[in-house]
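Engineer: My questions will all concern the structure given below.
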Amino acid sequence: MSVLVYVEQVDGKFKKSVFEAVSYAKAIADKQNSSLTAISIGNVNENELNELGKYGASKVLSVSNDQLKNFVNQAYAAVIAEAAKKENATVVVLSNSFSGKGLGPRIAVKLEAGLVDGAVELPNLDGGKFQVKKTAFSGKAFATVELTSAIKVIALNPNAFGVKENATAVAIETFNPEVKSTDFAAIVKEVVRATNKISLPDAELVVSAGRGLKGPENWGMIEELASLLGAATACSKPVSDANWRPHEEHVGQTGIAISPNLYIAIGISGAIQHLAGVSSSKTIVVINKDPEAPFFKVADYGIVGDAFEVVPKLIEALKAHKG
Amino acid sequence: MKILVCISNVPDTTTKITFTNDNTQFNTSGVQFIVNPYDEIALSKAIELCEGGKGTVTVINVGESATEPTIRKALAIGADDAVRIDAAPRDAYFTAYQIAEYAKSNDFDMILCGRESIDYNGSQVAAMVGEFLDIPSISIIKKLDYDGTTATVEREIEGGKEVISVSGKFIASCAEGTAEPKIPNMRGIMSARTKPLQVVAAKEIAQLSKVQQFETPPPRGTVKLVPAEETAKLIDLLHQEAKVI
Ligand SMILES: Cc1cc2nc3c(=O)[nH]c(=O)nc-3n(C[C@H](O)[C@H](O)[C@H](O)COP(=O)(O)OP(=O)(O)OC[C@H]3O[C@@H](n4cnc5c(N)ncnc54)[C@H](O)[C@@H]3O)c2cc1C
Ligand SMILES: Nc1ncnc2c1ncn2[C@@H]1O[C@H](COP(=O)(O)O)[C@@H](O)[C@H]1O
């Protein structure tokens, strides 16, 4: 019996969300008195693979096969399912990332496993059951799901568990399962990734702005504030609809749901569809000139004022704070 | 060309979410149901691709008869016909299995879903259907071009995008950007009433998951207001009190 965690690499490196998934998987393995194996696909060097031991993986299956250089969910799912069988895994953990969302369901079907996506807590194993809490209704609620299958698959939400160190000696093993050529019908032509930007779904801090900013030319101060904080930028739906900002920044019920440690909402009214995607943020700050804006009702801190005066002051204060 | 579009019936986005029966069931009383907003995007894309007699669009829903107004709405937007698999969708695995079984016996070139249903937010159905049918599945796309045999799609990834080319059958789940949502016109609404809606019995499959309990997030305390003249104080509070910066 073991727990298997899929560690998604980007250009041969692991992101924080991967160490978080490993930490989470390790905690499940401890609860079940079993061991934790990680599976890495693509070219990752030994130093980087050894990092996984810091968070509790005692074994790493490393798959490096030129065919698997790019992420193709159909082929990756086959490899991970094979690894689960080889390791006798009863639980498979992965990050609920964009790739994870295309991968988890395929692994689950292959293993005839129940799947919980968007898990926010460790499974509750009381009474021999296996119950996991996840977000539902776009963050307006949580659902506790019981999995009754022999094997369980869990996709963990970013920032839900945190990274926990748990140093273990790691054994790295090469794993080369056979891959079917029919699993490569989808061909990756191009990968475009902005390396200088913090990606919104994983961000711990987010600065977001809405229609109160009046126009795209005013986003300079939002970007400056975000960059001083090391935060990602986000926006409300009308802002991306008007092409002031790209679609991938749109948060809310019909955009991305996020749960950063800090969400700063500037010139956003706080409509129910917007709140749906951000209300599970740990701390919420609202800056709005209208004291009646609904967003203040769900905020931890607020400033009633004009964004064009408050934000520059905030930038100054932050610069002073950082020294 | 034949395209199948999967639509789910979800509570309107303004719905205040509450539960009944000891928080084990979603309280549907007074709730308005709509076509899942992402499925509207998928449907609009399918209609676009078939315009000018290039193909037909079938919508499929796994649901009980109460979902028929939502199916009619999809027909009004412009689908040619509809199928309802007659069962309450108990989880994504069940739903995906029903869709896959239907697609096996009816030849489709392409299947489109929404990126996620706004009720259970699984983002599971599309990739599961892909696995049941052993065809490629591409999750969370924001662009789709099709030349009759090969599709070129853009998939969202953290901080960027991936361009993927796929020939032959595939399934994709659509996010914003894929298409402008179409709004039904008068003619669409009139013709929707008489378009074919076939009801098919569901097939049995093992149940692997079950929702035991719902809860709503705990309310936040009251907001701490910082006077606009003392903006710098906010930084101190975030640093010392909230400990987030
Ligand atoms: C089906 C559906 C789905 C939706 N999904 C989403 C979603 O996912 N995400 C989303 O965000 N919205 C969504 N919406 C839209 C949502 O209902 C709101 O319309 C939207 O969130 C409002 O955006 P906003 O707050 O930026 O703009 P507004 O509502 O126009 O608010 C602007 C705010 O800025 C303030 N303001 C103006 N000037 C200043 C200034 N100088 N300084 C400070 N404050 C100022 C105003 O007081 C106001 O509160 C959806 C709507 C529908 C119907
Ligand atoms: N009951 C259903 N009937 C038909 N299609 C569905 C159903 N539930 C979900 N889908 C499709 O699958 C997509 C993803 O749903 P989900 O996996 O539940 O987030 C939706 O956007 C729909 O396209």
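Sequential numbering from 1, following the chain as shown.
Every residue gets a Cβ built from N, Cα and C, even glycine.
No curator has checked TrEMBL annotations; they are predicted automatically.
Heads up, here are the entries from TrEMBL:
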- A:3-191: domain 'Electron transfer flavoprotein alpha/beta-subunit N-terminal' (DOMAIN)
- A:Arg211, A:Gly267, A:Ile268, A:Ser269, A:Gly270, A:Ala271, A:Ile272, A:Gln273, A:His274, A:Asn288: FAD binding site (BINDING)
Engineer: If you count Cβ atoms within 10 Å of the Cβ of A:Arg211 (FAD binding site), leaving out that atom itself, what do you get?
Structural biologist: 16
Engineer: Could you tell me which of the binding-site residues A:Arg211, A:Ile268, A:Gly270, A:His274 sit with their CB under 8 A from some CB of chain B, listed in sequence order (or 'none')?
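Structural biologist: Cβ contacts with B: none found.
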Engineer: FAD site residues A:Arg211, A:Gly267, A:Ile268, A:Ser269, A:Gly270, A:Ala271, A:Ile272, A:Gln273, A:His274, A:Asn288: biggest Cα-Cα distance, Å?
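Structural biologist: In whole numbers, the farthest two Cα atoms are 18 Å apart.
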Engineer: Specify the count of other C-beta atoms within 10 Å of the C-beta of A:His274 (FAD binding site).
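Structural biologist: There are 26 such Cβ atoms around A:His274 (FAD binding site).
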Engineer: Under a three-state reading of DSSP, tell me whether A:Ile272 (FAD binding site) is helix, strand or coil.
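Structural biologist: In the DSSP reduction, A:Ile272 (FAD binding site) maps to helix.
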Engineer: Report the binding-site residues (A:Gly270, A:Ile272, A:His274) that meet this criterion: Cβ distance to the nearest atom of ligand 1 under 6 Å. Use sequence order and write none if nothing qualifies.
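Structural biologist: Checking each Cβ against ligand 1, the ones under 6 Å are A:His274.
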Engineer: So if I draw a 10 Å sphere around the Cβ of A:Ile268 (FAD binding site), how many other Cβ atoms end up inside it?
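Structural biologist: A:Ile268 (FAD binding site): 30 neighbouring Cβ atoms within 10 Å.
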Engineer: Counting across all protein chains present, how many other Cβ atoms fall within 10 Å of the Cβ of A:Gly270 (FAD binding site)?
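Structural biologist: Taking every protein chain into account, the count is 21.
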Engineer: For A:Arg211 (FAD binding site), which of the three DSSP-derived states applies: helix, strand, or coil?
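Structural biologist: Note: A:Arg211 (FAD binding site) is helical by DSSP.
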Engineer: Same chain only, sequence gap of 6 or more: which residues have a CB within under 8 Å of the CB of A:Ile272 (FAD binding site)?
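Structural biologist: Set apart from A:Ile272 (FAD binding site) by at least 6 residues yet with Cβ under 8 Å, we have A:Gln253.
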